[in-house]
Amino acid sequence: MARLPRRQRAGPLRPLRRRQRRGRPARGRRVPASAVRPARALARGRVPAGAARVGRGDHELHGAPSPAARGAGPAQCRAHRRRRRLARHRGRARERGRPRRRVEDRRGAGPHVPRRGAGRPVTVEAARDRRLGPSFTRLWGAAIGSNLSDGFAATAAPLLAATLTRDPVLISLVGVAQFLPWLLLGVLSGSVVDRYDRRRVAAVACAVRAVVAAGVCVLVATDTMVMAVLVAAVLVFGAFETVADGSMQAMVPSIAGRDGDGARLVRANSRLQGTEVVAQNFVAAPLAGVLFAVAAALPFVAHSAGYVLAAVLVLMLPIGAGRAHRGDQPKEKVTRRSLAEGIRFLAGHPVLSRLWALNIVLAMLNALAQAVFVLYVLELLDLPEAVYGVFAMAAAVGAVLGALVAPRLIRRLGRGRVMLGSVLLTGTSYALCGFVPHVAAASAGLVIVGGSVAAWNIVSITVRQELVPDRLLGRVHGAWRTFGWGLMPVGTLLGGLLGSIDLRLPFIVGGMGIAAGGLLLGRTLSVLSKTD
């Protein structure tokens, strides 16, 4: 039976309830028909949905006898008492400002309200909200395929370059080609993401990279690959990565959904962040080395297959998930003004502008601290070259742990405290590596750094997705990456200069600078905790 309207449920019966509480007669006032219908239903042994929400003493209020007065059995009386407890529970929930919950009885006897200390209830809505839906699963699978392919390229391309030439300058061009597109094309790719259908943009970007990877595979298999073609292919991979990455990030809010406390976005971004680290560092990197040892073309076969999988899964997403504009809004043309709109939005926002500045400084200082990491491990820690790869994976282990723990920390402590703690822990861990050059201390420091950076990324991405309008998500993401990664070469150069004096100086200077930056912007981070 349908629920009674609020006006009929509370308005006409309010004087009658007041007189009954005072023990006075009802002065012959006639009960409205809307209240008689639930009373008749109670007399037949049925409790409508509206009557269960009235509250305590509903059978006396409507003039219907209680189940015990009707001669009902013990089971019916217990069910009636459970319904009354549920009604009182819903009333208290409305007073506290929380939505009503339906709780399933563990004994299979229908909805009930557990008493204090009776165990944790199973909430149907909470269990349903924990699921992000099949659309997010497809987006998640597409991100996994794209990250696996990126990991194959990041490992196999330098190995292939080393077989083509032994010139350090030419080999370093491969690393430059991987990050140069973000510096040059980040803002432009964000404008493309905001103008066109993001599903199709991501699918086309993955398809183009799959075709180029297949071409590299053919050239390697036929022994016709040259260094110039390899650098050009890596540039293409990086250029279309800016488009695909921005499109997938911009589709997360529309697919995962925005809720009041941002818990769904936090869970979605934590899964994406954790799988990115696992796919690139734990799966693709070692597997690419093994495949390259078997045949130089095999890593690029897997490279192309991952992009094909990502393109197919992206096209399976709902059509509305990729639309940056509603049907009544015209598409913006790609002009200088539209390109700079994302930068203007970031610079003018009271919270995002400070987070953006802090992110730029942290990225530069992080690159400064890791500039001479190889020499730090081989000379100061005196580890063999064969152990270097395993030791470097400590940061990846910490990133996975940070992605798993971040949602719970955010729920308990708030976003601002998690971000502030991440910055302080990162700076302290880097300083620990510099002051205590020991294997155990350095391993613990790298694990903490990886977890702190992962937690920072999850919160920063979630905050951007909540505060930035949907039509600007692509451009804001491009501007964030462009300026954040643009100063990383500067930090690497400064770290190399400090490392020439002492190999511990980059870690000490970088760690102290990161901690100082977090303390300077502590007020901005505390604002985020108040908005949770």
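Every residue, even glycine, has its Cβ placed from backbone N, Cα and C.
Annotated in TrEMBL:
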{"type": "COMPBIAS", "residues": "1-30", "note": "compositional bias 'Basic residues'"}
{"type": "REGION", "residues": "1-127", "note": "region 'Disordered'"}
{"type": "COMPBIAS", "residues": "31-54", "note": "compositional bias 'Low complexity'"}
{"type": "COMPBIAS", "residues": "63-75", "note": "compositional bias 'Low complexity'"}
{"type": "COMPBIAS", "residues": "78-101", "note": "compositional bias 'Basic residues'"}
{"type": "TRANSMEM", "residues": "139-163", "note": "transmembrane segment"}
{"type": "TRANSMEM", "residues": "169-189", "note": "transmembrane segment"}
{"type": "TRANSMEM", "residues": "201-221", "note": "transmembrane segment"}
{"type": "TRANSMEM", "residues": "227-244", "note": "transmembrane segment"}
{"type": "TRANSMEM", "residues": "277-298", "note": "transmembrane segment"}
{"type": "TRANSMEM", "residues": "304-321", "note": "transmembrane segment"}
{"type": "DOMAIN", "residues": "352-532", "note": "domain 'Major facilitator superfamily (MFS) profile'"}
{"type": "TRANSMEM", "residues": "355-376", "note": "transmembrane segment"}
{"type": "TRANSMEM", "residues": "388-406", "note": "transmembrane segment"}
{"type": "TRANSMEM", "residues": "418-437", "note": "transmembrane segment"}
{"type": "TRANSMEM", "residues": "443-463", "note": "transmembrane segment"}
{"type": "TRANSMEM", "residues": "483-501", "note": "transmembrane segment"}
{"type": "TRANSMEM", "residues": "507-528", "note": "transmembrane segment"}
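Mean model confidence for the domain 'Major facilitator superfamily (MFS) profile' (352-532) is a pLDDT of 84. The stretches the transmembrane segment (139-163) and the transmembrane segment (443-463) do not meet in space: the count of Cβ pairs below 8 angstroms, excluding pairs fewer than 6 apart in sequence, stays at fewer than three.
The stretch with the most CB contacts under 8 Å to the transmembrane segment (418-437), chosen from 169-189, 277-298, 355-376, 483-501, is 355-376. A contact links the transmembrane segment (169-189) to the transmembrane segment (483-501), because at least 3 Cβ pairs that are 6 or more residues apart lie under 8 A. Across the candidate stretches 227-244, 277-298, 304-321, 355-376, the maximum count of CB pairs under 8 A to the transmembrane segment (443-463) is reached by 355-376. Only pairs six or more apart in sequence are counted, and the transmembrane segment (388-406) with the transmembrane segment (277-298) gives three or more Cβ pairs under 8 Å, enough to call it a contact.
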